Structures are given as C-alpha cells and as structure tokens.
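Comments concern the structure below.
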Amino acid sequence: MSNFAIILAAGKGTRMKSDLPKVLHKVAGISMLEHVFRSVGAIQPEKTVTVVGHKAELVEEVLTGQTEFVTQSEQLGTGHAVMMTEPILEGLSGHTLVIAGDTPLITGESLKNLIDFHINHKNVATILTAETDNPFGYGRIVRNDNAEVLRIVEQKDATDFEKQIKEINTGTYVFDNERLFEALKNINTNNAQGEYYITDVIGIFRETGEKVGAYTLKDFDESLGVNDRVALATAESVMRRRINHKHMVNGVSFVNPEATYIDIDVEIAPEVQIEANVTLKGQTKIGAETVLTNGTYVVDSTIGAGAVITNSMIEESSVADGVTVGPYAHIRPNSSLGAQVHIGNFVEVKGSSIGENTKAGHLTYIGNCEVGSNVNFGAGTITVNYDGKNKYKTVIGDNVFVGSNSTIIAPVELGDNSLVGAGSTITKDVPADAIAIGRGRQINKDEYATRLPHHPKNQ
C-alpha cells in the first residue's frame, strides 16, 4: 500500500511576533518547514500535500515543485486543515502521515519507525507520543489496563489522576487514509475553541471499536513544536548539538562544540580543526586538515584541504588547498583564491580571482581583479575599481611585484613580470617585464625645517 503525507503549514504563528509565517523561521540554516519535509521523505510518500494559509505564496515558494498545495483560507483547526486535502487524497488506499510544519526536530528515522509500527500492528490510527517528566500543557495519552489507547485528554480537561500521566501527544499521526476522510465527516466544532480537531477522529475510531495505537519517541526533543522565539532558540540549540555530534563522530575536532555554529547542509571532511565561535553557514564545504580559528565566519563557500583561516570572514567564494587567510581578512562574494595563496591581516578581496602562490600580507584592497600566480602585493596597495557609477576591472599577470602604498586605478593591466614602484599611482597599462613608477620626485630643502615653529631652535 502507498504512503501519503499531509504537512500542516497554514498557521500565522502569532506568538512569534513576526511578519514571516511561523514555519519559515529557520533552524540551522533552513526553514522549519524544510526540516519537516526532509524528514517526511523517509517514508517515501506517493503524494505529499502541504496545507498553506497565512502568506501562502511565501510558504509555497520554499517547496515549489516538491509538494502539492491546498489552501486553508480560515484557520479552523487541525481537523479542518486535513479536510482541505480531501480533493487530492480522498478515496486513495494507503497510510497517511499528518504532521505539523513547526516540528523541525523530528527525524526521518522516527517517522519511518512510526509508519512501520502502524502497518505492523494493523492500526486504523497511530499517535506519535513522547514521555516527559513535565507534561504540563500537553494532551495526555490515556490507556487501559492492556496498554491500549483509549483517548487523548487535553490539559484543561484532565482529572488530577490524568494530569500525572507522562505520555503526551506530539500532534503527529498516521491514519488509514480512507477511514481518515470518512471520520472527518463526523467531527464538529462543539468545543471551547469552536474548531475542528484532528484528535476527535481518534475518539470516533475508539467508539466504533477500531484499533488505535501509539508509538513512543525515544528522544523527547523530537516532539518539540515551535510556537515562540524561546522554543525556536531551543530547537536551534538541539539541532546544533546534533550537527556537531555528527561531525565529531566523522572525525572533525571541536575545541568547544557548544560555541560552534554549523548549518545543517555544511560539509566538513575529516581531520578539520574548529576552534570556538566559528560559524559555518549555507552550502559551505571544508576540506580535510583545514584549521578554522576562533571567530571565523564562512558563508556558502568552499575551502580546500590544509587551509588555515584565522579569525576572518569568507562569503560565497572558493578557497583552494593550502591557502592562509587572516587574521581579520574579508573575502567577499564571487572571489576565488588559488592554491597556497596568502591573504593576511586587514586585507579585503571582492569579486576577484587570485592565482596560486600570490601574497597580499596586509592592509590591501583587491576588488574586481584578475590576478595571476606568484604576485606580491605590498602593504597598503589599493585597486581602485569604482568611479561612483561603474565598476572596472584590473588584470595583473604572473610574477608581478606591487610595491607598498600603491594605487592601481582600473581599468588597467599589469603585464607578466612587471614591477610597480612603492607609492605609485598607476593609471595606464604596464607592459610585461617593465617597471612602472608613478609618483612625484623627492625634493630635499636643506635647513628649511629650521624655519618651522615646531623646530627645537624656535622653542
């Protein structure tokens, strides 16, 4: 039989106090909705239907082409949300997972175990439950003496005895698909909230003597539903521990994993060393035996093997093997650094390609440049690429030496093996093998300083 999935993502999330739909808030670099969608993939659903509502266009944009969408124009409860999927799923034979889009910590393994449990026990409905020493606020799972599920009782309706129950409803379920839509026709809004509750379907199945079961999560953290910023931070913390643990098991060293922030899609090779307060975001990839020191921040970039990045920022760029960057360097988007390049302290590179073995040791700006191999930039070198309206390119050949405090005004080309004298302002192309000097001649005026007020003779 087929598996189907319904993801509930229509809510506004008022307690988040945000213009962004709740399910689009990010945990470890991707939205909560994407986390749920990836986990749902573990059950290999034939159809996945996502119920949208508040700012539906933003939610749909995240999963465009990956799921079917239905709209819940009015948020009238979880049961009502599932009703919206009827045109797509009603009448199909199979098992349907119903899950909220604000549960980013649920794992694919747990969902696979849930649906296997449901099938193996021939249940018409299976509730995903969890156990906690502090069940306040959760619906409790009431069982009979044979451990069979009788009902779900909400906190406000629970007796003193029922409030002591530690097994809680996580809000995730698996149903026999055909029976689900038959039962939905019999639920109503006769409750304090005036809404259609999916939990009422469980009661209907019990009344008709059909088999309802419960599968209990091994890890309570997976049950976390995010309703406010506090829970969002908790989810981020749990996810960070999971991610860092995975990398450590795979051979990555962390000085302080609790103070290291790595997004879920980051790839790290073995033998990488990561110090505290390092942040790796987006689609970043780190090669083997690279060292990332305290304070390094890397976004959507590839760093090769054996590199050393010292307290620096790298954005949307590629860094080859053996490169050293920092401290306090900034590699801005669309840059590439060849093998064994050295970018030192207070150097900024933007939109430039730099050939292997090139060095810019300190206090240099390289913008919109194509730089060859074995080039040396002296301290204080500036490539001037912007005239207030347009950006221009500088091309620097192989084996070029640029003296300190030089200004290179684009568009200009420095030929192979050329040399720029220190303090020069270069406005014209420099031929290969030439020396370019673009500065005023030094003039010494003997004894002139004695006329100045600050000279000791005038004190």
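Even glycines carry a Cβ here, placed using N, Cα and C.
Per Swiss-Prot, the features are as follows:
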| type | residues | note |
| --- | --- | --- |
| REGION | 1-229 | region 'Pyrophosphorylase' |
| BINDING | 8-11, LYS22, GLN72, 77-78, GLY139, GLU154, ASN169, ASN227, ARG332, LYS350, TYR365, ASN376 | UDP-N-acetyl-alpha-D-glucosamine binding site |
| BINDING | ASP102, ASN227 | Mg(2+) binding site |
| REGION | 230-250 | region 'Linker' |
| REGION | 251-459 | region 'N-acetyltransferase' |
| ACT_SITE | HIS362 | active site, proton acceptor |
| BINDING | ALA379, ASN385, TYR386, SER404, ALA422, ARG439 | acetyl-CoA binding site |
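Projection of Swiss-Prot feature records onto the structure.
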| residue | record | CB count, 10 Å |
| --- | --- | --- |
| ALA10 | UDP-N-acetyl-alpha-D-glucosamine binding site | 28 |
| ASP102 | Mg(2+) binding site | 26 |
| ASN169 | UDP-N-acetyl-alpha-D-glucosamine binding site | 22 |
| ARG332 | UDP-N-acetyl-alpha-D-glucosamine binding site | 17 |
| HIS362 | active site, proton acceptor | 17 |
| TYR365 | UDP-N-acetyl-alpha-D-glucosamine binding site | 22 |
| ALA379 | acetyl-CoA binding site | 18 |
| TYR386 | acetyl-CoA binding site | 11 |
| ALA422 | acetyl-CoA binding site | 15 |
| ARG439 | acetyl-CoA binding site | 14 |
My understanding is the cutoff is Cβ-Cβ under 8 Å with a sequence separation of 6 or more in the same chain; which residues meet that for ASN385 (acetyl-CoA binding site)? GLY367, ASN368, CYS369, LYS391, TYR392, LYS393, THR394, ALA410
What's the CA to CA span in angstrom from LYS22 (UDP-N-acetyl-alpha-D-glucosamine binding site) over to ALA422 (acetyl-CoA binding site)? 57
Taking Cα-Cα distance, which of the binding-site residues LEU8, ALA10, GLY77, GLY139, ASN169, ARG332 are within 10 Å of ALA379 (acetyl-CoA binding site)? none
The correct three-state DSSP answer for TYR365 (UDP-N-acetyl-alpha-D-glucosamine binding site) is strand
Under DSSP, is ASN169 (UDP-N-acetyl-alpha-D-glucosamine binding site) part of a helix or a strand, or is it coil? strand
In all the protein chains shown, the tally of other Cβ atoms within 10 Å of the Cβ of LEU8 (UDP-N-acetyl-alpha-D-glucosamine binding site) is 27
Determine how many residues of the region 'Linker' (230-250) DSSP places in helix, in strand and in coil. 20 helix, 0 strand, 1 coil
Binding-site residues considered: GLY77, GLY139; fewest surrounding Cβ atoms within 10 Å belongs to GLY77
Per DSSP (helix/strand/coil reduction), ALA379 (acetyl-CoA binding site) sits in coil
Using CB atoms and a 10 A radius, I'd like the single residue among the binding-site residues LYS22, ASN227, SER404 with the highest neighbour count. LYS22
Express the distance between the Cα positions of SER404 (acetyl-CoA binding site) and ASP102 (Mg(2+) binding site) as a whole number of Å. 55
